[in-house]
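*Asks:* A single structure is presented below for examination.
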Amino acid sequence: MADDAMKTDVQLPVATDLKKPRPKKAPDLPILERRNWLIHLHYIRKDYETCKAIIKEQLHETQGMCEYAVYVQALIMRLEGKIQQSLELFQSCAILNPKSSDNLKQVARSLFLLGKHKAAIEVYSEAARLNQKDWEISHNLGVCYIYTKDFKSAEEQLNLALQLHKHDLTYMMLGKIHLLQGDTEKAIDVYKSAVEFSPENTELLTTLGLLYMQLGKYQKAFEHLGNSLTYDPNNFKAILAAGSMMQTHGDYDVAMNKYRVAAYSVPESPPLWNNIGMCFFGKKKYVAAISCLKRANYLSPFDWKILYNLGLVHLTMQQYASAFHFLSAAINLRPRMSELYMLLAVTLTNLDDADNGRRSHEQAVLLDESNPLVNLNFAVFLYNQGDKKAALLQFQEMERKVNAQVENNSNTDFDPELVEMAQKLGTALQAGENLYWSKLGKDSKTSQRSSSSKPSSSQQPLGTNQALGQAMSSAAGYSKSMQITSEPEADVSSAPSPPTVTPGEPEDEDEETAEPAKLKEKKSKPRAAAE
C-alpha cells in the first residue's frame, strides 16, 4: 500500500503537463473602435486622403456609429473649408455622445466660423454646464460676446478663463475689449499683466509699446519695443513702430536703416512704404517721397493716411491740382477730419477758388475741437480777404484753444512758425499783445527744434503755404481703431489680432497751414518733426 501511495505522488507532475496551451492570438477589439488608432495616426501625419479612406471603411462596417471616425472626418472637412458639412458631422457626434463637452465645443466652433455667434453662444453655454473648468469654453464665449458687442459679458467670460488657466491669447482679447471701449489705461494694465506672465511674447511687448506710444510715453514705448526686437529682431510691427518714433524725432537716417531691415520680410507693406516716403519728405527729397508714397498707394488705394501724405507732399511742391486730387480722395474716406479740410482750403486758395476755399475752412472749423492751427489759418485767410472782423473772431478762438492746451498741459510744444504767424496776425489785427505768445516766442528760440527755425524776410506775407504739422505715419498695426474684425477668434491671433494696428500713428511732420497773403506770397515748404 505504501508503494502504491508513493507511485501516486510521483505521477502528480505529469497531470500538470496535460493542461491546455494558452491561446497565442490576442482577443479582437470591439468592432466600433477597431481602427481608431490607425485613423489617428494618419490624421496627425496629415495624410488626409488615406485617413478618409479608412474612415469610410470604418463607418461602413459600423453603419455610421463610430463616434471617433465621424469626429475626425468633421475635422478634415473643416480644414478643407467645408464648414457646413463639418457642422452636420459634429452634430452627429453630439447625438452619439450627448454628454461630451468636446463635441459641443466643435459644434459651437463651426457655428462661430459660419458667423452664427448667438447660436454659438448657446452651444458653448451648454458645453460649460457639462464642463465648468474648461478655460477654452470661457475664452471662446468671450470672443463670441465681442462679436455681438456685449463687452460686459465678454469681459466676465475672459476673466473667468484667466482664473481657470492663464493664457496669452486670453490676455490679448481682454486688452482688445478695453481698446474697443476706448479705455487705453485699462488695456495697458491688462497687457502689463500679460507681459509679466509671458515676458518673451513679442506680440504682447509690441502691442504694449504701441499703446505707450499712443499716449506719448515714448521712453516706455521704446523700452518695450526694444525688448520685442531683442527676442525677435525681424518683428515687422516692432521695427515699424520703433522706426516711426525715430522718424518723429527727426532721426530719418536711423529710421531708414530700420525700415531697410523690415523691407526684407515684408517688401509689399503699404505702411512701410508710407513711412519711407515721409522719411524722404523730412529730408526734403520730395520726388523720392512721392515715388514711395505712390507705391504705398498702389498697394493700399483706400488708406486715407497715404492719400493725406501725397496731398501734403504735392502741396509742398506747389502742385496744387495733384494735391487737390489726393486730398479730395482722403476726405471721401475720412470725412470727419478737420485737418484734411484745412489743407484742401489751402489748395483751393492757391488755385484761385476763394469761395470754395472759404467753405473748406468753415467745415474745418466746424469739425475741429482742439487744433489752434485750423483757426489760425482761417483767420489769415479772412484777413487776406479783407474781413478783419471775422478774422479777429477766429484769432480769439485760436487763443482759447491754445490756453486750454496750456492749462491741461496736453501739448505746449508749439511750432515756432505758428507762434511767429500768430504774433504777426495779432499785431495786424490790433488784438493786443498776448503775454503767452511773447514768452513762447522767446523760449522757442532755444527749446524748439533747430530744423524748424527759418529766416523770415521783411516782405514775408502773413500767410505762408505750409502744410499741416502732422504728416501721418502709419506705424505698426492700425492706429487707434482696433476693430473687432481685426481680431477675435481663437485664430484670433491672425485676423482677430491686433489689432490689427496699431495703436498710435506718430507725427512725422510739423507744419502750419496758413493761407497766402495779398502782400507778397511766399510758399515755404513743410518742415520735419521735432528733434
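A Cβ is built for glycine as well, from the same backbone N, Cα and C atoms used for every other residue.
Fair warning: this is a prediction, and the values are worked out from it, not measured in the lab.
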*Asks:* With the ranges 1-25, 226-250, 401-425 to choose from, which does TrEMBL describe as region 'Disordered'?
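*Replies:* It is 1-25 that TrEMBL describes as region 'Disordered'.
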*Asks:* How do the residues of the repeat 'TPR' (202-235) split into helix, strand and coil according to DSSP?
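*Replies:* Taking the repeat 'TPR' (202-235) as a whole: 27 helix, 0 strand, 7 coil.
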*Asks:* Is it possible to list how many residues within the repeat 'TPR' (168-201) are helical, extended or coil according to DSSP?
*Replies:* 27 helix, 0 strand, 7 coil
*Asks:* Tally the residues of the repeat 'TPR' (304-337) by DSSP class, grouping H, G and I as helix, E and B as strand, and everything else as coil.
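*Replies:* Secondary-structure breakdown of the repeat 'TPR' (304-337): 27 helix, 0 strand, 7 coil.
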